[in-house]
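Lifted from TrEMBL, the feature list:
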TRANSMEM  B:12-37  transmembrane segment
TRANSMEM  B:64-94  transmembrane segment
DOMAIN    B:69-278  domain 'ABC transmembrane type-1'
TRANSMEM  B:106-123  transmembrane segment
TRANSMEM  B:155-178  transmembrane segment
TRANSMEM  B:260-282  transmembrane segment
Amino acid sequence: MARSITARRKTINTAIAWSIGLLIFFPILWTILTSFKSEADAIAFPPKFLFFDWTLENYAVVQERSDYTRYLWNSIIIAGLSTLIGVIIAIPAAWSMAFVPSRHTKDILLWMLSTKMLPAVGVLYPMYLIFIKLGLLDTRTGLVMVLMLINLPIIVWMLYTYFKEIPGEILEAARMDGASLPKEIIYVLTPMAVPGIASTLLLNFILAWNEAFWTLNLTAAKAAPLTAFIASYSSPEGLFYAKLSAASTMAIAPILIMGWFSQKQLVRGLTFGAVK
Amino acid sequence: MATKASRTAARMMMAPAVIVLLGWMLVPLIMTLWFSFRNYLPLRGGDLGFAGFDNYVRFITSSAFWPAVLATLTIVLGTLIITVVLGVLLALLLDQPMWGQGIVRILVIAPFFVMPTVSGLVWKNMFLDSVNGLFAHAARAIGVTPVEWIIEAPFFSIILITSWTWLPFATLILLTAIQSLDSEQLDAAEMDGAPKIKRFWYIIVPHMSRAITVVILIQTIFLLSVFAEIFVTTAGAFGSKTLTYLIYQRVLESQNIGLGSAGGVYAIILANIVAVFLMRIVGKNLDA
């Protein structure tokens, strides 16, 4: 008896949860479907869900007209390098805070976090000016630097929380065996922390990929990543739903897949350990 | 445990991260402060000298200021209420036993990974557009005149987009908090005959309250600086100009750097007020 009630409740839960899940996912699904339609089918009334002539034409057109690969490449370089450099700078810092904590460790961690709270628009002009003076405007180098800096606090925090979980005794044992500090970090700590470091790389790559304040304001044609590429579709002339959808699908597909793998790290990375 | 040598080494290893972040924080901040006291118009004569607090006064007395404050509050509060209320309900639902829970989680979390320019444009054109959007199609299907949402209901439009982005975040954080709840406590309450409502109100809600606070604080900080969603939809028109957007326009469009910088200082102060509360919670957790 009790079992049948739970089974029925489970069925109801499943039905409600799937409906809501699909409703929330629908705009993405709709975008992906529309990207395979002809422009006429894309705006057809009543809307066509699955029964239309599937075509890959939009993808070809988007690539041809706007040189999609260049923006993609910019996105990969900017998000990838900024994350990688951030992690390289953050590993030693997180190591020292996790294993040789001092009175000030907590203050430093909180201070780093506070730099993340600085509203970007508050320093827009100074950054603009610095970029012009240093010749960094519309360069990938400049964006790599800025995105590295805005994500560095999150990177340090995530690595710190992962390192904290590694038992200090293992590091001490390595030290006793005569391992020097760099060796200790490279050969003992890093292998144990690989899952944590990988998660940190993944989440911060996603955050950098989707960043849309500095990437819109500090680039023009040369260094613009996908965020800016999509924004160029906001002008009303020549707007085509199917092509917008194809461009959008290409811009979000890689990151959606990565995002699904980083769900758990998201909580750790964006709540700074305040929710466990 | 730590020797003096390792302490020195530790400090040196911390140095690069601390130095770059210090530079990142101080240099632009000091420049913004400096400009905010100057009469600085790059396209109309350049730096015209010291302005005292003129820019600060002019920024808050300009006719655009209060509407911008109101727009900011509307978007932040609207999104917070929607995402927190729906987030709690959705997290409770996802915590129930069901088939294909993993897949539902994936479906729910997906919007958070969509870049803001994409979510803005997809919603604006494919859903909210009064001619070809799905909402317009739905309206026509039931015989109602379609609405030009972006123009007639700009706040509804923007809040819809930001809520769609942040609901997954709230749900995920709150779900994590629920799942860390000790189920024995709930079982004990159930055995003691506490009805479902009471169990929810006296055990689950207090347990979630901190997670809810964290969600509110983090979202507030991000929502205060919402930019791309407005940039690609209304571009600040139809009364949807937020503080962030107003400052952006003062700086880059009207090139009034002094005025924009004073606005920037206000924005920094505002964000810091929120940040202080968040830091307190995070800091407490560090001691535990």
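Note: Cβ is positioned from N, Cα and C throughout, glycine not excepted.
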Problem - Intrachain residues whose Cβ lies under 8 Å of the transmembrane segment (B:106-123), provided they are six or more past its termini - result: 90, 94, 157, 160-161, 164-169, 171-172, 227-233
Completion exercise
Contact count check, CB pairs under 8 angstroms to the transmembrane segment (B:64-94), set B:12-37, B:155-178, B:260-282; argmax is B:155-178
Exercise for the section: For the transmembrane segment (B:155-178), could you work out the same-chain residues 6 or more beyond its ends whose Cβ comes under 8 Å from its Cβ atoms? Expected result: 71, 74-75, 78-79, 82-84, 86-88, 90-92, 94-95, 105, 108-112, 114, 116, 119-120, 123-124, 128, 149, 204, 207-208, 210-212, 214-215, 218-219, 222-223, 226, 229-230, 233-234, 239-240
